[in-house]
Amino acid sequence: MNNIREQIKDKKKIVVKIGSSSLQHNETGDLDYIRLEKLVRELCDISNQGKKVVLVTSGAIAVGKKAVNLKTIEGQTQAEAMAVKQACSAIGQARLMMAYQKLFSEYNHVAAQILMTKNTIVDNLNRYNAHNTFTQLLKMGVIPIVNENDTVATYEIEIGDNDTLSAIVAALIDADLLILLSDIDGLYTDDPRQNPDAEFIEQVDELTDEFMNMGKASTGSNVGTGGMNTKMIAAKIATSSDVDMLIANSRDIGVLHRLLEGENEGTLFVAHRDESFDLPEFVQNLHKN
Ligand SMILES: Nc1ncnc2c1ncn2[C@@H]1O[C@H](COP(=O)(O)OP(=O)(O)O)[C@@H](O)[C@H]1O
Ligand SMILES: N[C@@H](CCC(=O)OP(=O)(O)O)C(=O)O
């Protein structure tokens, strides 16, 4: 076991993000309750070990679409399509939370909902309030469940994807580890679904442009947002804020405890605090480049 992996055992404040593609059955689009239950059980166990844990979950739009039987999100204008997406998110977020609340309470844990937008970070008072809320919830032993507030977030104020959101949350609360659970084992030199010669990367010690460019926006499902591209933006935010980041495959949710035991799975991005990194400024400028 290498030394950096060994140190993962000591992580005390952990943010876990799960993508839409990991929460639903590919064939039907319905929620995968077995995986959801395993995820909740793992998170409760991490909490029982005395660690602080935050869940960033996608899935609101996918669950909402399914609830009203929409195959695709369409509208005559872009604004109409956006309204349909927002309506689906409003429907799905409530359903998703209902499932999480039920499962967390079965394991005797209390969960809370936090919905965020860009303004939560960019506005000083909002950021201060959000920070205090997270701190208080974690002090109470409650597990915050976070998603973007899709209902109010249009282009101007959206973060846009939950990889980026989870890294922002990790930076905001001074987490020491961010784990992104995806439908792929980690970072490859290229999208392995498109390039059979792509090679797996176990560890990224320094996030150079070469690594940043490896993460393509292509996704493996019709519900994922951003592909590996947004995971590299997340890596930039996390590692610059002194948070180690792991990408691992959600196929077996047991990967969570194996990672926290220091096992060598997934891709590890090693933290390097960058004193010049300014979270509110970075978030303000998201999507501008
Ligand atoms: N360099 C890369 N390494 C690994 N996966 C990549 C890479 N570039 C693009 N991808 C794609 O990113 C997908 C994961 O992102 P995404 O579909 O958004 O999933 P999630 O819902 O888990 O966030 C993979 O299934 C893969 O097709
Ligand atoms: N906020 C959206 C998720 C957006 C997103 O980033 O999705 P994913 O790529 O599946 O993590 C939702 O809950 O549907």
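The first residue you see is number 1, and the count goes up from there.
Placed from the backbone N, Cα and C atoms, the Cβ positions cover glycine too.
Model, not experiment: these values are computed from the prediction.
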Listed by TrEMBL with Ser58, Asp150 as binding substrate, from among Asn69, Asn132, Asn162, is Asn162
Given that TrEMBL records Ser182, Asp183, Thr225, Gly226, Gly227, Met228, Asn229, Thr230, Lys231 as binding ATP, the matching residue among Lys11, Lys12, Lys13, Lys17 is Lys17
For Met228 (ATP binding site), the same-chain residues 6+ apart in sequence with C-beta under 8 angstroms from its C-beta are Ile184, Leu187, Asp191, Met214, Gly215, Lys216, Ala217, Ser218
Distance filter, Cβ under 6 Å of ligand 1; input binding-site residues Gly226, Met228, Thr230; output Gly226, Met228
Lys17 (ATP binding site), Cβ-centred 10 Å count of other Cβ atoms over all protein chains shown, is 28
Close to Ser58 (substrate binding site), taking Cα pairs within 10 Å and only the binding-site residues Lys17, Asp183, Gly226, Thr230, are Lys17
